[in-house]
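Per Swiss-Prot, these features apply:
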- 13-205: domain 'Glutamine amidotransferase type-1' (DOMAIN)
- 90: active site, nucleophile (ACT_SITE)
- 179: active site (ACT_SITE)
- 181: active site (ACT_SITE)
- 206-395: domain 'GMPS ATP-PPase' (DOMAIN)
- 233, 234, 235, 236, 237, 238, 239: ATP binding site (BINDING)
């Protein structure tokens, strides 16, 4: 199985070297917001590999390590000699200081450990251009710079950090001890914009329009006269991929809609009517519900569920593809966040992603992932640019394994039906309350827990349904949605009264992190 993804070699970009910060994806996202493409790269990247990538700038992210400890994340020192502008953030500043001859010590030893918002005072610098001399920033460091390298100057201080910003403007190397990527740093976006546009001299012309042109060209070059299969779920990601591919290769695209019996209420009909009818996509419907549910019988481990569904999904494709000629490629709606969350050099894999870790090694297709460099909100912007209507572009995210990962424990028809019906009620009431565009994602989960209840004159022992609703910008971090109590109450009353085998509703008030969006 080979993987053909977006070719960004010729795109002006700033790379972010990943040192394990919880915020490193936000750095990339903020740079893109400025109009410059940005992506994460391993901190193990060599200077020669950086030359091949040819970025206009490099950002060294924060991280949990201490530069003076054995085994801490390092950098190829030749990168500092490439002449490419560099910005070190937090650990990144400490690392460049350490490698270039300065001194870093535990902040407790220097008496200047800082966590939380602080006031930065800076002197004139291209990095701080058009920002106030005093500004609020977020500090989060247990170590501190006590001596700066030769030819560097101090440009920023705080009450507890004598070297909050340093630079060598002749070599275009900058370091800041705070985190400009988080919103707690009030002028953080301005600082990143100064680095990207003024110091790196980026044009700032990255846009979805450019992305469409680039991807269409790349898809046509890759596919040639062969045919492409797309697994169409009806969700935002696969729908956008479908419209993009059709724009690129027309009738060479064959969409296979696999009804695996794990869809939301009425979803199968919506997919066929909306994408097959309105947009004219060539859709083959595979009714495979019994096949999937038979394979999932007795399985309760979430990772095993994902693997089974991933394997069966592709095997269904194999069955359908065997009926077709000249099919060489399989398209997927994998996003950048999917790739990141499935593990990097600096982080453990939290859970295999359904678009990354569930594919069998003997798959007969080459893989095309046109969206795997985009965040979720960028995919929505891409859909709008492609002329797709809001009710598709702003549709709720839905995982590839479907309701299988919204049913805790073993999957049964009874459990699936409780989730289908309760989810339909939730979506209906959220829309009635005018909250459907304010809440990033919302759904129900059958927790697998039964509890005692009283309905009418009788005792019940039925399922507990959890409501999960979050607000987010890009899916990397999220907070639980503050749904008005009267709306929650109405949802709860309707579910208990209208959905069989349910007698209790709970609301998930956990943010991401520590929790993930989905329960499995």
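In case you wondered, yes, glycine gets a Cβ from its N, Cα and C as well.
Keep in mind that what you see is a predicted model, and the values were worked out from it rather than measured.
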CB-centroid shell, 8 A cutoff, ATP site 233, 234, 235, 236, 237, 238, 239, site residues removed: 232, 240, 241, 333, 395, 398
Rounded distance in angstrom between the Cα atoms of residue 235 (ATP binding site) and the residue listed as 'active site, nucleophile': 38
Nonlocal neighbours by CB distance (under 8 Å) for residue 90 (active site, nucleophile), same chain, sequence gap 6 or more: 21, 61, 62, 63, 140, 141, 176, 177, 178, 179
Three-state secondary structure, residue 179 (active site) (per DSSP): coil
Residue 234 (ATP binding site) - helix vs strand vs coil (DSSP): coil
Spatial separation of residue 181 (active site) from residue 237 (ATP binding site) - C-alpha basis, Å: 26
Reduced DSSP assignment, the residue listed as 'active site, nucleophile': coil
Which of 181, 237, all recorded positions, has a Cβ with the fewest other Cβ atoms inside 10 Å: 237
Per DSSP, three-state class assigned to residue 239 (ATP binding site): helix
Reported mean pLDDT - the domain 'Glutamine amidotransferase type-1' (13-205): 92
